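Annotation comment: Swiss-Prot describes 379 as active site, nucleophile, evidence class sequence analysis. The active site feature in Swiss-Prot is assigned to 517, 519; the stated evidence is sequence analysis. The annotation CTP binding site is assigned in Swiss-Prot to 14, 147, 148, 149, 187, 188, 189, 190, 191, 192, 223 on the grounds of sequence analysis. What Swiss-Prot lists as UTP binding site is 14, 187, 188, 189, 190, 191, 192, 223. Swiss-Prot lists 15, 16, 17, 18, 19, 20, 72, 239, 240, 241 with the feature ATP binding site, giving sequence analysis as the kind of evidence. According to Swiss-Prot, the Mg(2+) binding site annotation covers 72, 140. The L-glutamine binding site annotation in Swiss-Prot covers 352, 380, 381, 382, 383, 403, 472 and rests on sequence analysis. According to Swiss-Prot, the domain 'Glutamine amidotransferase type-1' annotation covers 291-544. As annotated by Swiss-Prot, region 'Amidoligase domain' applies to 1-266, with the evidence given as sequence analysis.
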C-alpha cells in the first residue's frame, strides 16, 4: 500500500490541542483497520525534552526504546495501539546536531551548509524513516504558523508533497474560531488570516479543524470554506468538551475519516468505535467520587504530571468511580500541615528530581503508612518510601539518598553504579566540559521478575513484567535485609542487574512503590493493573469511612 501522509499545523494561537486532534484522528483511522503512527516535530533548539523544566514544558514521556520525548507522544499512545519510538519525535536541535556532525565528517564534500536543502532534507529523511511500517503517518508540527522557528519544518512538508506526490499528502490546519460573548458571535477572520499565512509559505490546507467554545454553525463553516478554498465538508467543528475521549466520535460524526479515505482512495471498512463508546459510557456513569492527592513540586503546571493524572482517571473508569485529583505542593507539608492530607482517600508521590520539597514528601509517606491510607510511590516516590521507612521504622535517622546529601552516612538510595562516571560531579554542582545530565539515565523498557506471593504478582498475573524507566538512582542493597525484617518487602527486581523495582508493605491496606513509571503504559481502554488496584483500595478506604487520627509525625 502507498504511504500516505497527513500533516497537522496550528494557527492563530498555541495550545489549541493539535496533539489531541492528531491522536483522536489516529484512533478513528485505526478503527478502520489502518496501520497508524503519529510523529511530533518540535521547533525548539533543545536536542530533546530530557533536561527541560517540567514547569515550562510539561512531563517527559519515555518510549519503550528509552527516548525522552514530548508529552504529546503520551496522548498518541493513549489513543492508538501503536507504540511510539525515538523516531516519532525530533526537534530542531537534533536536526541541526545531525547535520553539523555530517559536516564535520565531510559528508557534504565541502558544500556550504544551508537551511535549504540540508536542514529540510534531514527533516524529510526523518519523516520518511518513521513511515516504514504504517499505512498513514500523521505528523504534528509544533508551534504556530507564522513563528520563525517552524519555518524549516513547514518548508520540508511542502517539499514532501512535491517529492512523493500531492495525492499522497493531506494538510490539516487547526485554527481558533473565537466566540465573542458580548457580541454573541463566532468570528472567522482569525482563521482566514491564519490560512493566508500558510498559503504564503506554499501550503494550501485540505482540511480545517476549527476549535471553538461552541459548535461552529453551518453558515460560518460555509464562509470559512469560501474564503479558505476548501470544501464545506472539510471544515470540521471541534468545540470544547468535558472529556478528550469523546473527540474521536466527534470527528467520525462529521465524517472526517470518510473524507480522508476517499481522498487517499482507500477501500477500508467503516470505523468501529465500540471501545471508545465504552470509555465514554464509563465516564458518564461513574458513581460517587474519591480524592487522590498527588504530592509534588511541579504542581504549577498540571501537565508536568500528565500521564499520572490520566492513569488515575483510567483506573477510575475501571472502578466505576470519579477520581478527583488534588495537586499538593510538598513544601506546604514541611511544617506538618496535615490538614492538606486529611480528606484524601489515597496518596501518590510521582517521579521527580532534586531535594526541594523532600521533607514534605517524607512526612506524606509517614502519614499514609501510619494512618493506613493507600500509598503509591512512583520512581522518586518509591525511593522516598524506603528512606522514610529506614528513618522512622528502623530508626536510622541519618538514612538518605546521595541525590539529596552526597555525603550522607547511610545512603539507602545511591547512584546506579553504571551511571556514576556518566554525570561526573554534576550532582555536587561542579560542572566541566565533560559533565552531562542529558541522556545519562536508565531509560526505557526493562524486564522485572516478581516475587510469587506479592500483591504485585497477583495484580499483573505474570512472573515477569516489562515497564519503562527514567532514573539514575537506585536502592542500595546494604540495608535491605534489615528493612525487610521490619516489614517492607522487595516484590520485584530487574532481571538484568538485580535493581530493586517494586516494594510493598504486606500488613498495610495498600502500600506499593515502584522504580519504573507505570503511568506511561496506561490507556483509557485498558488502564494499568497497579493504578486500577490503587483506586480500588482508595474506594474501599472511603467506603469504610476511616476516621484518621493524626499521629505525631
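A Cβ is built for glycine as well, from the same backbone N, Cα and C atoms used for every other residue.
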Quick check: of the binding-site residues listed here (188, 380, 403, 472), which one has the Cα closest to that of residue 148 (CTP binding site)?
188
By a simple count of other Cβ atoms within 10 Å, which of 148, 379, 380, the recorded positions in the record, is least packed?
148
Among 15, 16, 17, 18, 19, 20, 72, 239, 240, 241, the annotated ATP contacts, find the widest CA pair distance and round it to a whole Å.
20
Excluding 352, 380, 381, 382, 383, 403, 472, which residues of the same chain place their Cβ within 8 Å of the centroid of the Cβ atoms of the recorded L-glutamine site?
351, 353, 379, 384, 401, 413, 471, 473
Around residue 189 (CTP binding site), which residues of its chain at least 6 apart sit with Cβ under 8 Å of its Cβ?
none
Of all the binding-site residues given, namely 72, 140, 188, which is spatially nearest to residue 403 (L-glutamine binding site) at the Cα level?
72
Among 140, 403, the one of these binding-site residues whose Cβ has the fewest neighbouring Cβ atoms within 10 Å:
403
Near the Cβ of residue 240 (ATP binding site), how many other Cβ atoms are there if near means within 10 Å?
11
Would you mind pulling the longest C-alpha to C-alpha span across 14, 147, 148, 149, 187, 188, 189, 190, 191, 192, 223, which the record has binding CTP, in angstrom?
31
Give me the mean pLDDT over the region 'Amidoligase domain' (1-266), rounded to a whole number.
95
Going by Cα-Cα distance, pick out whichever of the binding-site residues 14, 380, 383 is nearest to residue 517 (active site).
380
Please give me the CB contact count at 10 A for residue 519 (active site), counting all chains in the structure.
27
